[in-house]
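Encoded as structure tokens, the structure appears first; notes follow it.
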Amino acid sequence: MVDRLANSEANTRRISIVESCFGAAGQPLTIPGRVLIGEGVLTKLCRKKPKARQFFLFNDILVYGNIVIQKKKYNKQHIIPLENVTIDSIKDEGELRNGWLIKTPTKSFAVYAATATEKSEWMNHINKCVTDLLSKSGKTPSNEHAAVWVPDSEATVCMRCQKAKFTPVNRRHHCRKCGFVVCGPCSEKRFLLPSQSSKPVRICDFCYDLLSTGDMAACQPTRSDSYSQSLKSPLNDASDDDDDDDSSD
């Protein structure tokens, strides 16, 4: 079906509409063989609060952006190659329901659908696209993924020393390896994580010690379904600001 749609006028028109919604700041999306599989609004768990984001699933990439005017204008376009994507379901917990993790070597995050059916459809379509891509390319799924950042609202004290309380002066930072919220003194070191940046990035002392000894796996994040506190803040429907988890800290 995907091959049949690839060169259809309807598919070309749909992709052109998506391009126009992102405007000149967005990347061109029309290439031979690319098919728009589906689209919809998902709640993305950002650093400070959950936010509505518009997602577009193509047969080779996943695109999302901030909603300025629904179905008319989006900005802050992000493009994720599907061949690098792994997804994992998240258990329902309180108000956080119908979620899954989108994991890549450069960035990982949680998203939530409005219904269980919508979640199932998204996950099934993403998995099929990834499987088809890997089958055609002969590549193997990536086993290295960036940490999913723990939302700021889940940590009132440093998650490493368990002592430092966060205040407007004592700021929160995120370890790029484990995703924990940590204080400045517990994250003064930097380490080169090539999949995330060409420059050394901030990591916590715990991960630094493990990485320095070559124990890369020991500091892999384990908190895949613990985001319950983040929905205590209301959903920000006006999503014309940057993703909070794109900040430097």
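Any Cβ shown, glycine's included, is placed from N, Cα and C.
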Site from Ser226, Ser239 that Swiss-Prot describes as phosphoserine, others unannotated there: Ser239
Surrounding CB atoms that lie within 10 Å of the CB of Cys183 (Zn(2+) 1 binding site), all protein chains: 22
Fewest-neighbour residue among binding-site residues, criterion Cβ within 10 Å, set Cys178, Cys186, Cys207: Cys186
Distance [Cα-Cα, Å, rounded] between Cys161 (Zn(2+) 1 binding site) and Cys204 (Zn(2+) 2 binding site): 10
Local confidence of the prediction over the zinc finger (152-212), expressed as mean pLDDT: 95
For the Zn(2+) 1 site built from Cys158, Cys161, Cys183, Cys186, further residues of that chain with CB within 8 A of the site's CB center: Val157, Met159, Arg160, Gln162, Lys163, Ala164, Val182, Gly184, Pro185, Ser187, Cys204
C-alpha spacing of Cys207 (Zn(2+) 2 binding site) relative to Cys183 (Zn(2+) 1 binding site), in angstrom: 14
